[in-house]
């Protein structure tokens, strides 16, 4: 029967160090001869297979010895250090092992490394929360001392520098039911007016809606006048007089505003008619509005009332001019 030569394994497998399970070597060569004799007597393919294994082992030993010689010539110092470290553990040469043993060892090393990687991944997933029930996302209500007590805000939460108490929201736009006598109207009133805007249009609407308050003010002023006549206490009388003067001044200021508004409305009506005719509109200045309102005021007054009004205005302007003048320096004689 012709002998079949097997391929020589690559040098990487021969140089790779594999540590299989350690098995004790036979005590004597006699038992090996006794065990080999029945196999030699038995004719058949088993004898030829043993011969082939012996030839292959001889080839491997020859090649392994050549590799060992070259390796020992190149790095003898490294082998000496390795021998010192592995004195306690048994050392088996890879050239003495069969291909089946090498394959089994390689498969065992690969399975152990993959198992280790799988365990690491499982641990990472457990750390990230996979496989565990997640916490509920809903927010628990704040604790209270009793169910009737208000919720206390925590002081640990930092307050933002930006405050929104001046921003216009749905709640600030909502009209608040308040007494219109104590609500400031006009452009500077803000969002506290009756209709929420604080503009002139809101003031007009409020005046129309609460026109009955004018009668209440007149009756209140009449009651104050009667109280001034009846009281004998000088301090109380002076206090009532100051209150009456404040009420009269507010009434006069409101009348002046009404006149200016009437002048402006009349001018707008005329301009609308001119615009319909194809002319360009003319916008009335604030100073011109005041002049026309003053003319309307003097037209409805008597001569004595006009003289008093002019004298009062002259004193008022003179006081303003005195405030603008620089203070007089004291001379040498005044010291």
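Even glycines carry a Cβ here, placed using N, Cα and C.
Note that the structure is predicted; figures quoted are calculated from it, not measured.
According to TrEMBL, the feature compositional bias 'Acidic residues' maps to 25-39 (among others).
According to TrEMBL, the compositional bias 'Acidic residues' annotation covers 49-61 (among others).
Among the features that TrEMBL reports, compositional bias 'Acidic residues' is placed at 77-88 (among others).
The compositional bias 'Basic and acidic residues' feature in TrEMBL is assigned to 116-130 (among others).
Marked as compositional bias 'Basic and acidic residues' by TrEMBL: 161-181 (among others).
Under the heading compositional bias 'Basic and acidic residues', TrEMBL lists 248-265 (among others).
Summarising the annotation, TrEMBL assigns compositional bias 'Basic and acidic residues' to 318-335 (among others).
Among the features that TrEMBL reports, region 'Disordered' is placed at 1-200 (among others).
The region 'Disordered' feature in TrEMBL is assigned to 245-265 (among others). Within the chain, the region 'Disordered' (245-265) has long-range Cβ neighbours (under 8 A, six or more residues past its boundaries) at 204, 217, 220-221, 224, 284, 289-290, 292-293, 296-297.
Positions annotated as region 'Disordered' by TrEMBL: 299-335 (among others).
Helix, strand and coil content of the compositional bias 'Basic and acidic residues' (248-265), in residues and according to DSSP, is 18 helix, 0 strand, 0 coil.
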